[in-house]
Amino acid sequence: DIVEKDPVKTSFERWAQPGHFSKNLAKGPSTTTWIWNLHADAHDFDSHTNDLEDISRKIFGAHFGQLAIIFIWLSGMYFHGARFSNYEAWLNDPTHVKPSAQVVWPIVGQEILNGDVGGGFQGIQITSGFFQLWRASGITNELQLYCTAVGALIFAGLMFFAGWFHYHKAAPKLAWFQNVESMLNHHLAGLLGLGSLGWAGHQIHVSLPINQLLDAGVDSKEVPLPHEFILNREILTQAYPSFAKGLIPFFTLDWSEYSDFLTFRGGLNPVTGGLWLTDTAHHHLAIAVLFLVAGHMYRTNWGIGHSTREILEAHKGPFTGEGHKGLYEILTSSWHAQLAINLAMLGSLTIIVSHHMYAMPPYPYLATDYATQLSLFTHHMWIGGFLVVGAAAHAAIFMVRDYDPTTQYNNLLDRVIRHRDAIISHLNWVCIFLGFHSFGLYIHNDTMSALGRPQDMFSDTAIQLQPIFAQWVQNTHALAPGSTAPNAAAATSLTWGGSNLVAVGGKIAISPITLGTADFLVHHIHAFTIHVTVLILLKGVLFARSSRLIPDKANLGFRFPCDGPGRGGTCQVSAWDHVFLGLFWMYNSISVVIFHFSWKMQSDVWGSISEQGVINHITGGNFAQSSTTINGWLRDFLWAQASQVIQSYGSSLSAYGLLFLGAHFVWAFSLMFLFSGRGYWQELIESIVWAHNKLKVAPVTQPRALSIIQGRAVGVTHT
C-alpha cells in the first residue's frame, strides 16, 4: 500500500497559532527578530522535522498550493481581458490598436494615465503578450475569456482541495516519492506527452481554422465558435481539405495527406509576423510522439526498460573513478539535490526561451509589438537568472544538510570536491582574463575616440574584430533549408541571415541580424559577467561544508554571519552569502544582456519600411558604431532612452516615469540596508526605545535590529 490514511489532523486552532511548525517560534515573540524568523522558517521544512517522508508530503502539498495560486493569477489575467480590455477591437485591427487590459480609476486626476490606445479605448498599454497568445489559441470574444477565468478559479479550488487531501486525508508514503522510474514514465508520457498531444489537438481542430479566417480578414464576430468546428467536419474541410479523408491516411501510413495542416515551412507568416501556426501544430504533435515514447522507457512492473540506478552506476569513464555511483541514493533522499539539478536545467531552458521569443516569435502580431517583445525577453531572462542562482542555493543546502561524505568515495562528486581548489583558481583566472580584456577593449576605444583617432579604434570601419564563428553558425543555418527537410521553405529563424525581411503593416517584424565588432565586444562582457556569477556560486557550493579558513563550516549551517567571536575576518563566508553575492552578479549579467538586446533590436531590426522599400530603424542603425565605447553606451543608449521617461510627466506615459523614479527609490532603499552595519541600527533603536520608556509607551516585544543575514536579505531583495 502506497498511501497512509488520515496521517495529520486538520486543526484550524493549530494553524491559527503563529509559528506552530517550530517549538521555538510557537512560544511567541520576545524580540522583533521573531517575526523575521517566522518568515525565514515557515517553508524551511527541514527545520520542522527530520522525517523525510513528512518533508516529502509537505513539499507535495505545497506544490498544489503553488498551482492554485498560478490558477488564481491566470484567472485574474483572463478576467481583466474579459472585463477591462479592448481585446475584440485589437483582434479586428491588431496593427493599429494597441493592447490594453487595465484602466486607471479617475481619482484626483489619475485618468491622465489612460492614453488613447486606439479603437476608441482609453487605458494603459499592456506588454504581457496575452492578446497575441489568445489570438493564437483561437479566442475570438470576451465571453470565452470570462469562461476561462471562471474555469481557472474552479481549478484553483480543486488544487487547494488536493493539497489538503494529500497531506491530511491520503498522504503518499516515502516509497511513492522515491519510485523514480514510475515518476519518469508518468511525467514524460502524461504531463509532457499527453499535454502536448492535447494542445496539438486544440490547435488543429480550433486554433488553425479560426486563425486562417482571421488572417483572411473575416470579422471576429463572423468566425464560427470552437464547438462548431469540433462538431461539424464540413467547416473544417473548407479550411483544410484533408479532413474529408478522416483517419484513413493515418492508419494507411499515408501521412503526407495531412500536410495541409501539419507543415514544415520555416520562417514567418507574412500576414501576422508570427510562426506558421501549422508549423507549431506539427511541432507539438511531434513532441507528443517523442514524449509518449519516452514515457515507456523506464522499468517498472514488467521487468523491461531502463533502470535509473543502473544507468547512473554504469556512467563511468577511464578517468572518473567510480563515476556516478552513489548519485541514485543522493537524488532519492535529498530533494535539495534534485531541485538544484532541475533549477539549473529549467533556468537554462528559460533563457533559451527568451531568445526564441524574438528569433522565432510564436504568436500572431507579437513580433511587431516591440514593447511586448522587450518585456517578454526581459521577463524570461530574469526568471532564468533567478532559477540558475536558485540551483546553486539548493546545491549548497544539499552539501550542508544532506551530503554524507562517508558514502561518497571516489565518485565524480567526491572527485570534484577534492580538486575544488584547482577548479576555483582556474575559474578565477578566467574571470580576471575576461574582465581585463573585454573591458580593456572598450577603454582602448574610449581613449582613441577622445584623442580623435577613430582609425585606431576596434570597430567595423577601423580595426575589425569580427565574430567569425558566430557568423559561420548563422550562415550554416541560413543555408540549411535547401539541403535538409524536403518541404522546408525557409530557415528556422529569419534572423540567421539571407535577404528575407517580414513586415506587417509597414512595421518590421523580423530581419537578418548581422553580427559585427560591436557584438564581439559586448559578447565578451557577457562572458565575463556570467563567469563571475558562476565563480561565486560554484565556490559557494564547493566550499559549503569546509574550507581552510573554516574547516568545520558544515556545523555552522547554510547561513551564518561569522565564525563566532574572536575570529575576525570570517564574516560573510556562509553558503547563503555566496548566493547573496551571486545574485548581484546575476543582476549585472542580465542588465548587460537586456541593454544589448534592446539597443541591437532598435538599431538593426525594429523600425518601419516604406512602400518603396526604404527602411527606417528606430535608432537609425547606430549600434555598430556607438556601442564600441563606454561613452557611447552612456550617451546614445542609456541617456537617449531614459530621457523620454524622465520627461514623461504630464502625459499618459507618466506612469512609466513614476515607476522609473520608484524603482530608483527602492534601489536606494536597498543600499541603506547594505551600507550601514548592524550595530548602527541597534544603537539607534536603543535610543528610540529609551524615549518610549520615558513616555511609558514601550512595546512588550523588545525591538531588535535585523541580523546581518536578515539585513542583507532585505537589501538584495530591493536591489
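Residue numbers in this text run from 1 along the chain shown.
Here the Cβ of each residue, glycine as well, is placed from N, Cα and C on the backbone.
Feature annotations, reproduced from Swiss-Prot:
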- Cys562, Cys571: [4Fe-4S] cluster binding site (BINDING)
- His664: chlorophyll a' binding site (BINDING)
- Met672, Tyr680: chlorophyll a binding site (BINDING)
- Trp681: phylloquinone binding site (BINDING)
- 59-82: transmembrane segment (TRANSMEM)
- 145-168: transmembrane segment (TRANSMEM)
- 184-208: transmembrane segment (TRANSMEM)
- 280-298: transmembrane segment (TRANSMEM)
- 335-358: transmembrane segment (TRANSMEM)
- 374-400: transmembrane segment (TRANSMEM)
- 422-444: transmembrane segment (TRANSMEM)
- 520-538: transmembrane segment (TRANSMEM)
- 578-599: transmembrane segment (TRANSMEM)
- 653-675: transmembrane segment (TRANSMEM)
- 713-719: transmembrane segment (TRANSMEM)
Contact set, same chain, for the transmembrane segment (374-400): CB under 8 Å, 6 or more residues outside the stretch: 127-129, 330, 334, 336-337, 339-344, 346-351, 353-355, 357-358, 366, 533, 537-538, 540-541, 544-545, 553-554, 557-558, 575-576, 578-579, 582-583, 586-587, 589-590, 593-594, 597-598, 601
Cys571 ([4Fe-4S] cluster binding site) in three-state DSSP notation: coil
Non-local residues, at least 6 beyond the ends, that sit with Cβ under 8 Å of the transmembrane segment (578-599): 358, 374, 377-378, 381-382, 385-386, 388-389, 392-393, 396, 519, 522, 525-526, 529-530, 532-533, 536-537, 539-541, 619, 623, 627, 633, 637-638, 641, 712-713, 716, 719
DSSP state at His664 (chlorophyll a' binding site), helix/strand/coil: helix
Mapped DSSP class for Cys562 ([4Fe-4S] cluster binding site), helix or strand or coil: coil
Remote residues contacting the transmembrane segment (520-538) - C-beta distance under 8 A, at least 6 residues beyond either end: 388-389, 392, 423-424, 427-428, 430-431, 434-435, 437-439, 441-442, 458, 465-467, 470, 578-579, 581-582, 585-586, 588-589, 592-593, 596, 627-628
Cα distance (Å, whole number) from His664 (chlorophyll a' binding site) to Cys571 ([4Fe-4S] cluster binding site): 29
Beyond the flanks of the transmembrane segment (335-358) by at least 6 residues, Cβ under 8 Å: 55-56, 59, 366-367, 373, 376-381, 383-388, 390-395, 397-398, 401-402, 495, 510, 597, 601
All-chain count of other Cβ atoms within 10 Å of His664 (chlorophyll a' binding site): 10
In three-state DSSP terms, the structure that Trp681 (phylloquinone binding site) belongs to: helix
Of the binding-site residues listed as Cys562, Met672, Tyr680, the one whose CA lies nearest the CA of His664 (chlorophyll a' binding site): Met672
Distance [Cα-Cα, Å, rounded] between Cys562 ([4Fe-4S] cluster binding site) and Tyr680 (chlorophyll a binding site): 18
